[in-house]
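What follows is a set of notes on a single structure, which appears directly below.
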Amino acid sequence: MTATVSTTDTPLNASRASGPGFARKAKAYLALTKPRVIELLLVSTLPTMIYAERGFPSIGLILATLVGGAFAAGSAGAFNCYIDRDIDKLMARTENRPLVTGEVTPREALVFSWLLGAAAIAILWFGANPLSAWLGLGAIFFYVVIYTIILKRRTAQNIVWGGAAGCFPVLIAWAAVTNSVEWPAIILFMVIFLWTPPHYWPLSMRYGEDYRNAKVPMLGAIAGAKVVSVQVVLYAWAMVACSLLMVPAGGAGWVYTVTAVLAGAWFLYESHALYNRAQREDIPDKRAMKVFHGSISYLTLLFIALAVDPFVGPAVIGG
């Protein structure tokens, strides 16, 4: 008689079977946090800390602020995915999010959102200071309640006021270092506030059909390209002007000043190019996406310059 040995239930095979499943689940949870958004938010955090310190803060403070800020942004993103799961399935851009595909259940997403938010506040409170923790809580509240629940489905100005949540990282960073919120932090807050519309509206022009299908009144989806391009140009000019306030009111030096002028001029050129194209085309997709990607490059360059600035020469005014 021949003995048959089954290997389907051995611990090794069980481990192999569970491994990919665990990896998929972890990846799904990560996707809930909108990591690309977190990356963009963190671009502003460390440079602001360096500028506030006029040098490098302690490694412990940097880690606490970056991790706490990332967790706060991730919590807000996960709450957003939970609340918007009904419209995400209607949009090609978001139809593969974990709550739409079923990789994560609504209950799991909600618990994850709360845990991540609680961890963020605790890390900022004990790793930095209570002020930065309160600002982190304010950022989560603003994105989840003000933007996602109240504004997003009701007004074409949703991203203008709701986008203020994305400005909080500079306040958190400044508060973590100085335990206060001063004029340079407020100016940087306003730069990102004014940057948000010319960043997102070109994207909503490109994916206008998605937003219309989901009945989300994003300006780029419900207004014509001519109207949207005018708004993009106006906000771009206001943003560049605001960025230059760091020179008289924020103690900025030559590195920041030159970068703000040159990068600002380049982004204004791209914004005006979108406007010119919009006068001839109903949906200037390629030019709109060029402005979208250009806005990311602009903000990255500006904050890199902010980080380098304290190490290279005195302030332009009063130095």
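Including glycine, each Cβ sits where the backbone N, Cα and C put it.
Taken from Swiss-Prot, the feature transmembrane segment covers 59-79 (among others).
Outside the transmembrane segment (108-128) by six or more residues, the chain places 29, 32-33, 60-61, 63-65, 67-72, 74-76, 78-79, 81-82, 85, 98-99, 135-137, 140, 172, 175-176 with a CB less than 8 A from a CB of the stretch. Taken from Swiss-Prot, the feature transmembrane segment covers 108-128 (among others).
As annotated by Swiss-Prot, transmembrane segment applies to 131-151 (among others), with the evidence given as sequence analysis.
Under the heading transmembrane segment, Swiss-Prot lists 158-178 (among others).
The transmembrane segment annotation in Swiss-Prot covers 183-203 (among others).
Here the transmembrane segment (232-252) has long-range neighbours at 183-184, 187-188, 190-191, 194-195, 197-198, 201-202, 260-261, 264-265, 267-268, 271-272, 274-275, 291, 302, 306, 309, 315-319, meaning same-chain residues at least 6 beyond its ends whose C-beta is under 8 angstroms from one of its own. Per Swiss-Prot, the feature transmembrane segment maps to 232-252 (among others).
Here Swiss-Prot flags 254-274 (among others) as transmembrane segment, drawing on sequence analysis. With a cut-off of 8 Å between Cβ atoms, the residues of this chain six or more beyond the transmembrane segment (254-274) that come close are 198, 202, 229, 232-233, 236-237, 239-240, 243-244, 246-247, 284, 287-288, 290-291, 294-295, 297-298, 301-302, 304-306, 308-309, 312-313, 316.
For the transmembrane segment (299-319), the list of distant contacts is 40, 43-44, 46-48, 50-51, 53-55, 188, 191-192, 195, 199, 243, 246-248, 251-260, 263: same-chain residues at least six beyond its ends, Cβ to Cβ under 8 Å. The transmembrane segment annotation in Swiss-Prot covers 299-319 (among others).
When each of 131-151, 158-178, 183-203 is checked for Cβ pairs under 8 Å to the transmembrane segment (59-79), 131-151 comes out on top.
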